[in-house]
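Residues or ranges marked as active site, proton acceptor by Swiss-Prot: Glu109. The feature active site, S-methylcysteine intermediate is assigned by Swiss-Prot to Cys359, with sequence analysis given as support. The [4Fe-4S] cluster binding site annotation in Swiss-Prot covers Cys129, Cys133, Cys136 and rests on sequence analysis. Per Swiss-Prot, the feature S-adenosyl-L-methionine binding site maps to Gly183, Glu184, Ser215, Ser237, Leu238, His239, Asn316; the stated evidence is sequence analysis. According to Swiss-Prot, the disulfide bond annotation covers Cys122-Cys359, on the basis of sequence analysis. Look at Swiss-Prot and you will find 115-354 tagged as domain 'Radical SAM core'.
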Amino acid sequence: MSEQIVTPDTAALTVPNKDAKINLLDLNRQQMREFFKNMGEKPFRADQVMKWMYHYCCDDFDEMTDINKVLRGKLKEVAEIRAPEVVEEQRSTDGTIKWAIAVGDQRVETVYIPEEDRATLCVSSQVGCALECKFCSTAQQGFNRNLRVSEIIGQVWRAAKIVGAVKTTGVRPITNVVMMGMGEPLLNLNNVVPAMEIMLDDFGFGLSKRRVTLSTSGVVPALDKLGDMIDVALAISLHAPNDTIRDEIVPINKKYNIETFLNSVRGYISKSNANQGRVTIEYVMLDHVNDGTEHAHELAALLKDTPCKINLIPWNPFPGAPYGRSSNSRIDRFSKVLMEYGFTTIVRKTRGDDIDAACGQLAGDVIDRTKRTLRKRMQGEAIDVKAV
């Protein structure tokens, strides 16, 4: 089967039936201007409405006081601003907040991580995940569907609404967004890219492209396409120093091996300004699986031609997982080897693990609709991005 990369189009402008309303959260600025053009309005109306939507977290047309009453009435007839609702909130002792967010009859999870100098939101891109990484709780839930643009950017909107809109508080509620929640973002490009465009847009959330990070496990055809679509920071879920280990814990490696993956990564960062010439390597530490000093030496040799910084992630356990968490001493020895080679190496501080909000622990509530044949194809054959 040949790879098919799905790119953003104007599908969001299509109303499924005459009684349905267009959810304006599904539209990036280009699509929003097309929407107002079709209403017979000037393009600047799109900018006005987006400013209300994202700077004030406003979802009521009647509150948009610089828009005339007639147009507000028209908007109420054909459009809505409907973000997914929070159905459960958990707060960690370290300040981390995890929200379970309803998307249809299921849930995804979004995590807010406040720090002294920043506030990061971890956003989901799919209901579940089809890649079956063995150390990840989300992967064990199976896969159901891709999230729509409104369900992705809606997580950011809802979090900002709860924490406090910038125009209301005077403080930016979210400084960084990481596409590291449930799902593989590159298997949902047609929705993830427009959502990230809204994150970057001055009339959207206005984030710097260096503060929006997409993390991928290695869907190479989509990564090759991504650089022509948008420029954001890139993090890669490597987790192994060789193909033998990675084949076992990250099954997509059987299709796109480490060499192929890193070649694609170098191609992306060579034309990216957001990455400042280097990529973030994510490496989960699994006890006596990939955490020996011999693995550290091997990883250093592997990455010698890839400008990068390395995040070592203490593994966060979940019920039934076949792994153990590396000891602090093993992580420390691993880190020291990498630093001796000159790599910037950071041991990620675990946040929110007491509420299962830490890396690899997000599970949501997923009805698994992944066909077994599709899973096997993803491990050993070409991936049809459109089919997932």
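Glycine is treated like the rest: Cβ placed from N, Cα and C.
Comparing C-alpha positions, Glu109 (active site, proton acceptor) sits nearest to Gly183 among the binding-site residues Cys129, Gly183, Glu184, His239. His239 (S-adenosyl-L-methionine binding site) and Cys136 ([4Fe-4S] cluster binding site) have their C-alpha atoms 12 Å apart, to the nearest angstrom. Maximum C-alpha to C-alpha distance over the listed S-adenosyl-L-methionine-binding residues Gly183, Glu184, Ser215, Ser237, Leu238, His239, Asn316 is 19 Å. For the pair Ser237 (S-adenosyl-L-methionine binding site) and Cys133 ([4Fe-4S] cluster binding site), the C-alpha distance works out to 10 angstrom.
For the domain 'Radical SAM core' (115-354), the model's average pLDDT works out to 93. Distances between the Cα of Cys122 (disulfide bond) and those of the binding-site residues Cys129, Cys136, Glu184 are shortest for Glu184. Using CA atoms as reference points, the binding-site residues Cys129, Cys133, Cys136 were checked against Gly183 (S-adenosyl-L-methionine binding site), and the closest is Cys129. Using Cα positions, the member of the binding-site residues Cys129, Cys133, Cys136 nearest to Leu238 (S-adenosyl-L-methionine binding site) is identified as Cys133. The candidate set comprises the recorded positions Glu109, Glu184. Of these, Glu184 has the most other Cβ atoms within 10 Å.
Long-range Cβ neighbours of Cys133 ([4Fe-4S] cluster binding site) (same chain, at least 6 residues apart, Cβ-Cβ under 8 Å): Ala139, Ser217, Ser237, His239, Ile249, Val250, Pro251.
Around Asn316 (S-adenosyl-L-methionine binding site), a 10 Å sphere centred on its CB holds 21 further CB atoms from the protein chains shown. Considering only the binding-site residues Glu184, Ser215, Asn316, Cys136 ([4Fe-4S] cluster binding site) has Asn316 as its nearest partner by CA-CA distance.
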